[in-house]
Amino acid sequence: MQIAALGRPLHPGMLYDCRDDSFIPGVTLWDAEDIEKNMTVHEQNQTKSEITASDSLSKKSSLLDISASLKVSVLGGLVEVGGSAKYLKDTLTLESQCRVTMHFSQKTVFKQLNMKNTSKIICADMIKHGTATHVVTGVLYGADAFMVFDHTASKNEDKQEIHGKLKVMIKKVPSISISGDGKLNMTHEEQETVEKFQCTFYGDVILKQNPTTFMEAVKVHKDLPMLLGERGEKAVPMTVWLYPLKYLDKRAAKLVREIGENLIIEVETTMEDLQRATITVNELLQISETIQATDIQAKLKTFQEMLRQYKITVQKKMSVLIPRICNGETDEDELMQILESHSSSPFTTETMKKWLDEKRSECGVLRSYIDASEDQKDVQIVSPTQHNTLIFNPCYPTIVTFVFTSLKYDEPYISDVKEFLHPKEPMKQINTRDSVGKAVEDDKSTPWFLTPDISQTMRETFDRFKDLVKNEAKTSKFVITYISNPTHPGASIYRYQNGKRLDT
């Protein structure tokens with residue numbers, strides 16, 4: 001069996017437990033002298049690099065040579081990764097984020113332990129007590145490095161075009177030369193393009209300073225082959241070969257069963273779906289903050305926290321269950337039950353997407369009115385709190401406000417999620433397909449922002465507001481904000497004189 005080291009200090013002779021993918025530091029099956037005497041060393045000297053625009057766990061796992069069984073332990077939070085493997089944890093945070101990653105890999109030496117000539121085992125008690133299932137018998141040394149380049153597109157930029165520019169420039173990294181004064185030999189246009197790129201470095205090598213810009217990344221890339229030392233003495237374990245202890249001692253613990261690959265794919269898909277929802281929430285939070293829609297922000301933050309709690313809960317359940325399955329204490333059915341419970345929860349992709357799409361549409365409608373007022377320099381978008389401060393500001397005796405009035409309303413979906421996570425009745429989480437998320441699935445009512453009559457009223461109100469801006473710009477302060485008023489759904493115009501609201 002072979003596994004990826006993932007930044008863990010796994011060396012020949014060390015004990016490993018495949019049931020939970022843990023190792024026992026500081027303990028070897030034989031003494032150090034015996035291990036060194038029976039070690040065979042083979043030079044490797046292999047170097048490769050790859051560029052990818054994918055940020056999926058599947059692609060990251062492929063780049064790090066992570067097996068399916070080890071992947072499920074990573075997903076369950078059982079493995080604490082280090083070095084270059086921390087790249088696994090770096091996920092996109094916004095939908096508008098464009099990303100291209102450069103992977104550099106160098107293999108130096110393969111060390112293999114010849115167990116035929118080893119002497120007596122020095123830690124037989126540990127085998128007897130079942131603390132490990134395997135011993136490390138071979139290690140491939142070297143180093144991985146990942147340089148992650150990001151650029152967040154503005155609302156006026158095309159993501160596909162940015163991705164294309166990222167790919168083109170990252171592919172040029174190995175061929176870009178550095179002049180005597182330390183500058184990169186690039187055209188002025190190329191320099192302007194890469195100035196917007198941000199770089200994050202994850203590697204098994206120690207740098208004086210991690211690169212954060214494209215220019216710094218190019219310089220680091222030139223130095224990478226030399227950072228492992230002249231003889232590769234600074235190389236770290238990359239791939240590890242394991243030998244079952246049961247063949248050395250019948251009393252040893254063993255890996256009873258491995259989790260099926262199809263089930264692992266389901267787990268991976270579930271966790272990636274939850275991560276995609278997190279990215280969408282982050283994006284919508286940024287949009288709602290830009291347009292000062294605090295009511296929408298509050299709902300999104302509530303959902304964001306509940307989604308975070310749910311992800312932690314699922315991961316904790318898996319971290320307990322995976323070792324029990326591998327140890328033969330239970331079977332895969334329990335893991336399947338977790339996935340089935342998820343499929344009947346309010347956190348399914350379909351249910352989350354429906355609610356999040358509604359929030360996106362709501363923000364889109366609000367933003368369309370705000371964008372339409374941008375050509376009028378005298379109009380300011382403010383939060384309700386800022387608006388309260390503004391109307392009592394003596395510098396502005398007259399304030400005319402275009403008010404969005406319908407942002408405060410009940411969210412049955414949020415209520416269902418809260419009930420799912422913290423049920424008032426015992427066992428209510430079970431068999432929730434017909435209850436949890438019902439409001440989202442069954443609610444056929446049209447949201448306020450998609451109601452034709454309300455839309456027409458808003459357009460007419462906005463036209464009146466623009467006329468007021470045109471005619472009274474020199475005598476009044478004009479703002480846009482959000483104040484709930486069910487009697488005037490959609491939008492209204494409020495006029496304030498010396499802090500007092502007048503009839504409109």
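Placement of Cβ uses the backbone N, Cα and C atoms for every residue, glycine included.
Annotation source TrEMBL lists domain 'SNTX MACPF/CDC-like' at 2-219. The feature domain 'Stonustoxin-like helical' is assigned by TrEMBL to 270-363. Sequence annotations record features per position, and here TrEMBL assigns domain 'SNTX thioredoxin-like' to 383-501.
Per-residue pLDDT, averaged across the domain 'SNTX MACPF/CDC-like' (2-219), gives 92.
Across the range of the domain 'Stonustoxin-like helical' (270-363), the DSSP-based residue counts are 80 helix, 0 strand, 14 coil.
Counted with DSSP, the domain 'SNTX thioredoxin-like' (383-501) comes out as 47 helix, 22 strand, 50 coil.
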